[in-house]
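Visitor: According to TrEMBL, the protein has these features:
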{"type": "ACT_SITE", "residues": "LYS80", "note": "active site, proton donor/acceptor"}
{"type": "BINDING", "residues": "GLY180, VAL181, GLY182, ASN183, VAL184, ALA185", "note": "NAD(+) binding site"}
Amino acid sequence: MELFKYMEKYDYEQLLFCQDKESGLKAIIAIHDTTLGPALGGTRMWMYESEEAAIEDALRLARGMTYKNAAAGLNLGGGKTVIIGDPRKDKNEAMFRAFGRFIQGLNGRYITAEDVGTTVEDMDIIYQETDYVTGISPEFGSSGNPSPATAYGVYRGMKAAAKEAFGSDSLEGKVVAVQGVGNVAYHLCRHLHEEGAQLIVTDINKEAVQRAVEEFGAKAVDPNDIYGVDCDIFAPCALGGIINDQTIPQLKAKVIAGSANNQLKEARHGDIIHEMGIVYAPDYVINAGGVINVADELYGYNRERAMKKIEQIYDNIEKVFAIAKRDGIPTYKAADRLAEERIETMRKSRSQFLQNGHHILSRRRGR
Ligand SMILES: NC(=O)c1ccc[n+]([C@@H]2O[C@H](COP(=O)([O-])OP(=O)(O)OC[C@H]3O[C@@H](n4cnc5c(N)ncnc54)[C@H](O)[C@@H]3O)[C@@H](O)[C@H]2O)c1
Ligand SMILES: CC(C)C[C@H](N)C(=O)O
């Protein structure tokens, strides 16, 4: 990969490689764009096949956070970290302390939180070394695990998508096929069950499936069968890239609305499902509940205020549908337009010089 060429193509600001021999830390921090504010994005820990795969993931995810934060109306830019390693075996206290010091060195340009492979406990360790971490334990006055907030946002966005597809936002009696019933989808299933939706679930983790069957009366299917089940809504809540040439012909759902990041394998798959008349709630708009929740910590966490903002994911999804209709484009492109328009407007209005600009983080320090 020609790094500078790639960074130039998608307009990345910064890429950092962090190494600590004692603890085994190998981290890559990617900062995509800080026009709207400091870059906020989680830390993923994963066993990457190669360093190149890790770099690519960090870059791709960081850019996703720029769009997610912009579309959610947050005054935050986009960044992400990947730590190379097995989250079940390679974690240690020194590793997250060393990582925290690297973040502190960025002096607020990047703020972290949880992502796949990292937990509230890891964030608490990072917090020993830096202020620039969110999603830490409620005992520190923080918001804790972002997954329930993400699930609530997905539930709200799914209702908006149902309204678009079926003329009513009620999910009562709707059949929802959920791929992966992990941290986010467990809470999503609870909301759906409470509203009277019928659930079909799958997961490679049998215990997770069993819990959904017992608690929510879900029907279980094998992982490969989830795409083709008879359902109204498909909710991808496990992996990226699952809307692709192999899965699209199997889909029976009228709506795709789930928490997974980067659901479209390639942009053209967004065009194909649009032509098929499937209502797609773009991933980074519908799954922004977690980042909205942790971002509220920067103002001194207030759960009620955060939940109100997460509820608005319904309106954000409606805005995307409206742009798609206005411009005659698929919803994934409409979401990009929503984010890009906001970033561009703010970029232009920032041209005026200010000696000591007021900043989201100055509020946090003063609290
Ligand atoms: N946690 C959050 O707040 C948050 C926020 C935004 C986006 N997301 C995205 O949502 C998705 C789920 O996040 P999570 O925190 O619930 O993760 P998780 O790891 O708790 O849950 C994912 C589940 O998917 C299952 N799974 C993995 N491969 C599968 C396969 N091939 N078929 C079926 N199931 C499979 C796993 O066993 C696991 O139970 C991820 O893509 C994540 O990036 C999460
Ligand atoms: C900041 C975190 C809560 C971000 C979350 N992992 C996401 O992908 O949105």
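Cβ from N, Cα, C; glycine included.
Small disclaimer: the values here were computed from a predicted structure and weren't measured.
Walk me through the surroundings of each of these features.
Guide: According to its DSSP assignment, LYS80 (active site, proton donor/acceptor) is in a strand.
Neighbours of VAL184 (NAD(+) binding site), defined as other CB atoms within 10 A of its CB across all chains, total 28. According to DSSP, VAL184 (NAD(+) binding site) is assigned to a helical segment.
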Visitor: Taking the mean position of the Cβ atoms of GLY180, VAL181, GLY182, ASN183, VAL184, ALA185 as the NAD(+) site, which residues outside that list, in the same chain, have a Cβ no more than 8 Å away, listed in sequence order?
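Guide: Output for this site, in sequence order: SER147, VAL178, TYR186, LEU188, ASP203, ALA208, CYS237, ALA238, SER259.
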Visitor: Just checking, which of GLY180, GLY182 (binding-site residues) has the fewest C-beta atoms within 10 Å of its C-beta?
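Guide: Among the binding-site residues GLY180, GLY182, the sparsest Cβ neighbourhood within 10 Å belongs to GLY182.
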Visitor: Just checking: which of the recorded positions LYS80, GLY180, GLY182, ASN183, VAL184 have a C-beta under 6 Å from ligand 1?
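Guide: By the Cβ criterion, which requires under 6 Å to ligand 1, the hits are GLY180, GLY182, ASN183, VAL184.
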Visitor: Given the binding-site residues GLY180, VAL181, GLY182, VAL184, ALA185, state which is nearest to LYS80 (active site, proton donor/acceptor) when distance is taken between Cα atoms.
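Guide: Ranked by Cα distance from LYS80 (active site, proton donor/acceptor), first place goes to VAL184.
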